[in-house]
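Here Swiss-Prot flags Lys39, Tyr251 as active site, proton acceptor, drawing on sequence analysis. As annotated by Swiss-Prot, N6-(pyridoxal phosphate)lysine applies to Lys39. The substrate binding site feature in Swiss-Prot is assigned to Arg134, Met299; the stated evidence is sequence analysis.
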Amino acid sequence: MSRFLQAEINLKSLIHNFSKIKAHLRNTRVSCKIIAIVKADAYGHGAVEVARVFGLLGVDYLGVAFSEEAIVLREAGIKVPIIVLFDREIEGVFKYNLIPVIFDYRQAEFLSKEASRRGVILPVHIKVETGMGRLGIYENPCETIKKIAQLDNLKIDGVMSHFSRAEDLEWTQEQMKKFSKIREFLHNLGMKPLFHIANSQGLNYKEALFDAVRPGLMLYGYGAEGFIPCMTVKTKLLDIRKLPKGTPISYGGTFVTKKDSLIGVIPVGYADGYFRSLSNKAEVIVRGKRVPVVGTVCMDLTMIDLTDIQEVQIDDEVILLGKTGSEEITASHIAQWAGTIPYEVLTSFGGRARRKYIMEEEE
């Protein structure tokens, strides 16, 4: 029998989160399109299944990082318009009807020539730099967009930017100010593409909503009150060992039993996205109770202290991420223990875990 490591994705929770964002936009009295971000395999949740759900819910666009991600969706039958955020690859753009994001003039010229050669009009979005310091047109963005608009066979459907610290009101307002000036300039020229800058945290600012929003983490249950995490990661106890006081556990003996102890072994390690930095810090749930991770997390195995759990047995379920009864371990908890962010936690679990999709109401 193969080892059990399962990422359970609750599509009911996904639907709840998407609907909550739509309700927020409606209550804010803003008519906004939604660009659902499904890059990195939908943050580890499985892009194809997640995109299908969003398509049924009437999402306006999907957003991916690279063309290869979009091609997987197209070949799975996803028809929703797909924006490719960070790529210069062109073959997939034309073959699979994708919308590339342009982040410099040279890229725009190249796409224009290719579109002209193929005899098609290519819809594009343009990224402008407002404070992220990563990708985007940063020198004379207004004039550069004006020049791009004059290129053959390109249709500017959108202009975007990205918040670098949406939790910082002053900095975010400065970014919005720069973005608004570009929007005003283009409107004065009679150009009215779709403007979008708001990520999940940006939804908190009404003035950031513009013409579209790009929720990511929030869709998967994190970032604000009332959103429900969609992913549960579980495994089963591989072994249970009775060890005397003073026994060192795992590599380096970083944990030594302080009393006679019951130590469980689970078939999960850092190769599965369960970070080594969780050693002696994290907790998991066994039989409805939290128990600590002890010793160094190994490549394929992790040890947990079961001393206080009654009648525990081999093959008992172990919750690494998720809720059971009154106990819950979230990606935010794991991120805090590991010294990282929830995004990294969710995207790291997808590698060797088998996914199972369910439709269940949250208890």
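Backbone N, Cα and C atoms are what each Cβ position is placed from, and that goes for glycine too.
This view paints the features noted in Swiss-Prot onto the structure.
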{"residue": "Lys39", "record": "active site, proton acceptor", "DSSP (3 states)": "helix"}
{"residue": "Arg134", "record": "substrate binding site", "DSSP (3 states)": "coil"}
{"residue": "Tyr251", "record": "active site, proton acceptor", "DSSP (3 states)": "helix"}
{"residue": "Met299", "record": "substrate binding site", "DSSP (3 states)": "coil"}
For Lys39 (active site, proton acceptor), nearby residues of its own chain (Cβ under 8 Å, 6 or more apart in sequence): Ala47, Gly63, Val64, Ala65, Phe66, Glu69, Leu85, Gly216
Other CB atoms within 10 A, centred on Tyr251 (active site, proton acceptor): 12
Rounded inter-Cα distance in Å - Met299 (substrate binding site), Tyr251 (active site, proton acceptor): 11
Under 8 Å by Cβ from Arg134 (substrate binding site), same chain, sequence gap 6 or more: His162
Cβ neighbour count within 10 Å of Met299 (substrate binding site): 9
